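Per Swiss-Prot, the feature pyridoxal 5'-phosphate binding site maps to T104, T105, F132, P133, S134, D135, D213, H216, Y238, W267, T295; the stated evidence is sequence analysis. Annotation source Swiss-Prot lists N6-(pyridoxal phosphate)lysine at K239.
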Amino acid sequence: MNSTALEPTLEFARKLDQEDPLRHFRDEFYLPPNSIYMDGNSLGLLSKRAEKTLFTILQDWKLLGIDGWTKGTYPWFDLSEKIGAMLAPLVGASPEEVIATGSTTVNLHQLVSTFYQPEGKRTKILADELTFPSDIYALQSQLRIHGYDPSTHLIRVKSRDGRFLEEEDIIAAMSEDVALVVLPTVLYRSGQILDIQLLTDEAHKRGILIGFDACHSIGAIPHSFSEWGVDFAFWCNYKYMNGGPGCVAGLYVHRKHFGSAPGLAGWFGSKKDKQFDMEHTFTPSLTAGAYQIGTPHLLSLAPLIGSLEIFQEAGIERIRQKSLQLTNYFMYLIEQELSHFGFIIGNPKDDVRRGGHISLEHEEAARICKSLKENGVIPDFRAPNIIRLAPIALYTSYEEVWNVVQIMKKIMQEKQYKKFSNEREVVA
């Protein structure tokens with residue numbers, strides 16, 4: 001979408017909606033009444049299909065009891081593998097390389113406990129200072145388990161400007177004492193996409209394994225994890241994937257690592273034909289299924305089935321195309337209408353580097369977010385000064401983007417935000 005061809009009018013926004021090939025998917029979702037939802041990068045909305053598959057699993061439990069493990073609409077015993085196969089195209093992997101299991105942080109613990117093998121002088125883990133805090137907590141914990149001090153053994157690449165990371169800085173930090181690299185695919189504040197293939201290649205040239213947190217990219221951008229040679233990745237399924245609060249997460253392990261014993265063993269990581277032999281000798285699956293630990297949380301897994309059906313129909317390439325058009329249009333309107341109110345666009349403007357959300361910086365960000373909510377817009381605040389706005393390709397309209405900017409303009413003109421305190425709420 002060429003910004004020179006854009007117009008700041010409501011009529012133009014409606015024209016874009018009429019031309020949108022994905023517009024019919026909006027009817028698949030329950031939209032909060034009297035609201036414009038801009039927080040799908042924190043929690044995606046419920047679709048009617050996700051609701052249906054949840055009720056289906058409940059009905060099977062109701063009617064079949066324990067036989068639901070092998071009978072019913074979606075037999076539970078291998079459901080994690082089947083959902084993994086549905087997730088695989090979204091991360092560019094084979095079905096065997098992906099499994100739906102655990103939570104983001106549990107899966108990170110599992111993968112680091114498997115692939116962090118300190119030996120000789122290779123004892124350190126490389127991360128970055130802008131990543132999501134839970135990843136840092138997990139890495140620090142894993143280092144302590146191995147007897148290392150995180151203050152000396154967890155390297156965090158610094159940002160030059162507090163917004164973005166430079167690949168050259170990350171590569172320069174891949175020293176001979178680094179055993180493992182764990183980075184985000186997309187930075188959760190600024191929405192910057194890192195060059196995953198370049199970083200993977202450079203890590204492997206130095207004999208270092210590398211994994212990625214894909215929480216802010218899964219369902220928003222295409223990936224080619226297998227082709228790029230990424231060793232492992234992990235993500236949540238409740239943001240762009242619309243799997244619901246607490247939805248079971250996902251992980252990917254490159255097939256070259258199949259046969260490696262998982263660091264955290266549990267009975268659902270067994271080969272399926274051995275699991276109920278009840279032997280005390282663990283026989284791990286020869287796929288990513290080996291990295292499961294306990295019994296799957298089926299009621300938190302069920303909505304993902306319906307959600308993934310929508311992704312299969314829409315296609316991640318078309319989703320990405322519309323997402324870029326939405327955020328490009330958003331930035332255009334912000335520059336047209338809000339340039340005199342002190343906002344700074346803190347996300348990359350380049351399509352290749354921009355994820356699925358807009359990151360607006362303002363010294364009154366927390367107050368403005370509260371005022372937006374009062375005006376029916378649901379944004380997201382990240383300390384100290386960031387307003388995140390995520391127009392979601394499957395259910396956000398161009399007219400809604402136009403309306404959000406008009407509401408923000410009115411808030412700033414009338415200084416409506418001044419009646420609120422400039423601090424975050426319990427859940428930002």
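Using N, Cα and C of the backbone, Cβ positions are placed for all residues, glycine too.
A quick note: this is a predicted structure, and the numbers were derived from the prediction, not measured.
In the three-state DSSP assignment, the secondary structure recorded for T295 (pyridoxal 5'-phosphate binding site) is coil. Using a 10 Å Cβ-Cβ cutoff, T104 (pyridoxal 5'-phosphate binding site) registers 22 neighbours. Sequence-distant neighbours of T295 (pyridoxal 5'-phosphate binding site) (same chain, 6+ residues apart, CB-CB distance under 8 A): F268. Geometry remark: F132 (pyridoxal 5'-phosphate binding site) versus the residue listed as 'N6-(pyridoxal phosphate)lysine', CA distance 14 Å.
Sorted by the number of other CB atoms within 10 A, the binding-site residues F132, Y238 start with F132, the lowest. The Cβ neighbour count for S134 (pyridoxal 5'-phosphate binding site), using a 10 Å radius and every protein chain shown, is 14.
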